[in-house]
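Visitor: Okay, these came from Swiss-Prot:
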BINDING   70, 72, 85, 88  Zn(2+) 1 binding site
BINDING   460, 462, 464  Mg(2+) binding site
BINDING   814, 888, 895, 898  Zn(2+) 2 binding site
């Protein structure tokens, strides 16, 4: 018996491995895998259902059909195992060997492997340096190829047609060798000397100068080197032996009625074997060449179809006209092996059911239907029954459970106690989509869910279903309880704010409870405490809203963390006093002494978590929920049609708007405004009217007049149910109320343009047919949009997860001093995001100094928690340099300090945390809330774009940065720099507002001056760009010849004349090379120099410039010499929402990107071509100038002779991220992508922490291009992993050698995922064939570093609790001892888990 057990154990041994290598299989290797040759195309005998001998299902080759029984039945039972039956030749063993034993087919003629032929770029083509078309013509027997030219004038690899071949044969006889078909290609590949070829190419590479040639050579060298290094032989790309898949992986199943269901592969194999056998026969018969050739071609096509059907020519179809599924189709796509079976599996011990509300549950509980629990916990119940001796055998236990005896239910209760289960709701968009709960047995068939976790699951109770999973092992239960329990997931990993926040009814209940009311019953009472408040409320002596005085005891923590009590009399209401009873000790009373809306409640829970920690917060959240439900029920808030009060003013507002519209219409008919202007104006009028109506309506709703104690009238906040729901944040918004009681307003057509007739009615009045019809547009578009959005958002999430999946925190501190400078986000006059929100939970990269002093406020490497942030705010620090993932120096991972706080736990992040996946989920999860539309700017928006002044909102002082200016004749500052910024600083030194100031703006206030709110500080003409002189003197025209370079125009209305410079296209030949300019000279006619330089003041004028001054006029600095009319931007579309986020992460180049200066220097314009200008930048140090051709229609921001810095904008437009990286560096591109992505999310009110976007940016910057190789093994122009270059350079520098220089590359997320080092991860993402082909040729090793690869091969992932296990394995391997037990034991797991958890939970108190 012992032997038997030993034998069974040996059957299930697991392989320990550290890497997976993929390479080409040599014919010998294929034969060594094989257990025999498949000679016949037969499958099974249709009468006996026994496999045919030597056929595709042959038992002799692949193993027995029944366990331990040979085919003819001579040997049965286990005692004969290992015997080979002499009659039928079948080995007696388990039948599962039919899943792993392979066969082979000896091909009568070699055939090319289609992957290496047709997967672009063609590997065979690249290796032989022949065009794919030619190779295909040889392979499919259309032409000959010369293999050995001998002494003739024929080149090797020359292609000959049939006629040319015959001619050559006549001329040279057998001096030369030419063949056709795969044999020819095989011979060519065989005769290649790879190393010799490599040498030749390298020499050629050094000599050539042409860029395209270099690229091609580098590609070939790389491929050749890959072959040399991996030990693959090129001729192995041509198959001479074809492996046959084990039969149980391509099953043949008899259906009833004598038919068979079969895998398509069997058809494809049969076809190959048939053609191969026929070819053998033809060769034996020495058949005519043309017949043999045809058969060989058909064999090649059959093998192509088997490997990858449809890659070449038409796909081979089966009986039902659908293409057969080939081997390649089995692994790729959503239904392929990778995504269907390796990354996603069906799980045992799981069930699903509809969910319903469990308002009486605790936060860590869920209601599990008894029937379901009985089914899920069956094995545990059987075990317990047997242990207790209630059942003698498992079979008896089974019977008891099936009969559902009384004792079974008692046992079930025991089994379930403290055994957490996992609840999951699809779609699982972030990690909170699976959480653990303790089950509570309930009657009925629906799972009960705690209302507060609905937000995390995005669940509602309109028929949603959820799945239950049972963690079986001790370790799994431990992890579920310690890491996944709903009580441990109070904060959202995306932004660190509480995600367990009351909503809807609970909010309404708490809001109703904490409202106050004038002259309510019991007003003015003085009560001894919350208990008495509750008593008098229950007794009906006071209303919930009565304003009373109550004695309140507050607790505060002192230095030692002990609670100190303060008691005082507070003005409050009865309801607030009652609510105070559930607030935990340690929170101030002020937190509930207000009307609590959703925001306030969220803040309350957040404060509670930060001050008191996890446990009190959980209890408090539960209590708020119970209280909220109870008082929402008592409030009796309901909606009736009379609650929707329509404002009286509505009628007159609408008639006013109609009158205005009529007036515009008249103007249009008399030709004063264009159709576009009329449309925009009409829309503006209606939009304004709509706002007025809704304002009137809200004013009407939000207050009501009541009689107070003294009998006077008083205004108070309304108790209108609809208003209360919106005001508390429970449900609905002002916009929705507007549609109920105001007017519905403007509607959009399906294409996004606005219909100019608004719906003036609201839902209370009811819509007429036309209005109803217009509204249906919007409603339907909404539904269609939602469906599209979900798919797009899901795809974005998948790409993000794929690019970031292998990023894990691997060390504590990388020691870098690099970081990102964080400043508050200010748009126009508003602080969109204060500094504290941006730096909270980050680690400082440098000491933060107290502004204006050298005192250190916060030392370097400090994790900024709430108290530090308060300190920063108190000292009004407005910029902090923090560590960032992007600048982290860790190889293949990130250090904890560069990441900072784990947002979901509130302490510094643990090692082994999978930050990449968390980042991807945090960005992808809100994707469905983003819009899909592109915004058409028109109407109000287009006019706002043509701003002409800056008006500040707050009082403070002005601070200008990046400024060059001159003072004009009236003493005002005129800006002459391009990217000037104006900031408004308040008295505490904090930046309140920030504006861009254009060139030529006239400042009303200077730098450092005080301004009051509402003051205008700068003016400019939005329609023209001025040319401003920096010096005073007299104007001298140069090259301004009337009729050749300029023309004089007179304005009809004013009679003033001006000169207009002609565009070079409009000039006569004589004027083509002239450069019109205005020179400034002094009274003697000498050139005036620009201050600070030795350059004469000379201003070149571009085409279309208007000069209103005459030659010789005196001017003073700051005057406008000429004006260049600006084309008004027209209506540009802004891509918004999801498509914009996808564009940013895919690093797509915008259509007409901004043109940036490649080097610093002086701008001048060279010779123009037909449609382009030549921009020349000459460096100041006299090195080579840089030239670039720019299309004429691009508006330039620079004048001739102006100095630019590297990365300055020369022509406006959306900036391309690649340019920013190249010219301004990694931090600039990070800042750009983070800010742009945040803008999109901020617009939708979604909060995501910056560091998640930075994590993705780090992954986009994974690759670097080698510029010069130094002493390294890299090739110039090769793209390599950034970490690899860093490691190589470190080693070289340690040995005193020259490292490689490189430039960082920015890859879009799809590209970056495919360029990952792990071929398994890339193959399971997209383009499986290409990835695998490339990997096989290079003989790649996959080190299984990322999470995805480990999931695919079925190991623990190297993150979370698996991180410790992997670290331990690496340590053991380094010590050179193999572990005695490959499996991880329960003790190890629980120990390492405990260590991890202590790190996690211990860190929360002291930050």
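Each Cβ is built from the backbone N, Cα and C atoms, and glycine gets one as well.
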Visitor: Of these binding-site residues, 460, 462, 464, which scores lowest on Cβ atoms within 10 Å?
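Guide: Comparing Cβ neighbours within 10 Å for the binding-site residues 460, 462, 464, 462 has the fewest.
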Visitor: Could you work out which of the binding-site residues (88, 895) has its C-beta surrounded by the smallest number of other C-beta atoms within 10 A?
Guide: 88
Visitor: Can you list, in sequence order, the residues of the same chain other than 814, 888, 895, 898 whose CB lies within 8 Å of the CB centroid of the Zn(2+) 2 site?
Guide: 811, 813, 816, 883, 885, 887, 889, 890, 894, 896, 897, 899
Visitor: I need the neighbours of the Zn(2+) 1 site defined by 70, 72, 85, 88. Which other residues of that chain put their C-beta within 8 angstroms of the C-beta centroid, in sequence order?
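Guide: Close Cβ neighbours, site residues excluded: 59, 71, 73, 74, 75, 87, 89, 90.
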Visitor: Give me the CA-CA distance between residue 464 (Mg(2+) binding site) and residue 888 (Zn(2+) 2 binding site), in Å, as a whole number.
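Guide: Distance (Cα to Cα, whole Å): 43 Å.
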Visitor: How many Å lie between the Cα of residue 70 (Zn(2+) 1 binding site) and the Cα of residue 898 (Zn(2+) 2 binding site)?
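Guide: Roughly 64 Å, rounded to the nearest whole number.
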Visitor: Which whole-number value in Å describes the distance between the Cα atoms of residue 462 (Mg(2+) binding site) and residue 898 (Zn(2+) 2 binding site)?
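Guide: With distance taken Cα to Cα, residue 898 (Zn(2+) 2 binding site) is 44 Å from residue 462 (Mg(2+) binding site).
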Visitor: May I ask which of the binding-site residues 72, 85, 88, 460 is closest to residue 898 (Zn(2+) 2 binding site) if we compare their C-alpha atoms?
Guide: 460
Visitor: How far is it from residue 895 (Zn(2+) 2 binding site) to residue 72 (Zn(2+) 1 binding site), counting Cα to Cα, in Å?
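Guide: Here the two Cα atoms are 65 Å apart.
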Visitor: What is the interatomic distance between the Cα atoms of residue 814 (Zn(2+) 2 binding site) and residue 88 (Zn(2+) 1 binding site), given in whole Å?
Guide: 67
Visitor: Which is it, of 70, 72, 85, 814, 898: the one of these binding-site residues whose Cβ has the most other Cβ atoms within 10 Å?
Guide: 898
Visitor: I need the neighbours of the Mg(2+) site defined by 460, 462, 464. Which other residues of that chain put their C-beta within 8 angstroms of the C-beta centroid, in sequence order?
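Guide: Other same-chain residues near the Mg(2+) site: 355, 459, 461, 463.
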Visitor: Given the binding-site residues 72, 85, 88, 888, find the one whose Cα is closest in space to the Cα of residue 460 (Mg(2+) binding site).
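Guide: Nearest candidate: 888.
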Visitor: Using DSSP and collapsing to three states, where does residue 888 (Zn(2+) 2 binding site) fall: helix, strand or coil?
Guide: coil
Visitor: C-alpha of residue 88 (Zn(2+) 1 binding site) to C-alpha of residue 888 (Zn(2+) 2 binding site): distance in Å?
Guide: 66
Visitor: For residue 895 (Zn(2+) 2 binding site), just give me the three-state DSSP call.
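Guide: Strand, per DSSP.
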Visitor: In whole Å, note down how far the CA of residue 888 (Zn(2+) 2 binding site) lies from the CA of residue 85 (Zn(2+) 1 binding site).
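Guide: Cα-Cα distance, residue 85 (Zn(2+) 1 binding site) to residue 888 (Zn(2+) 2 binding site): 65 Å.
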Visitor: How many Å separate the Cα atoms of residue 888 (Zn(2+) 2 binding site) and residue 72 (Zn(2+) 1 binding site)?
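Guide: About 68 Å separate the Cα atoms of these two residues.
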Visitor: Within 10 angstroms of the C-beta of residue 888 (Zn(2+) 2 binding site), what count of other C-beta atoms is obtained when all protein chains are considered?
Guide: 24
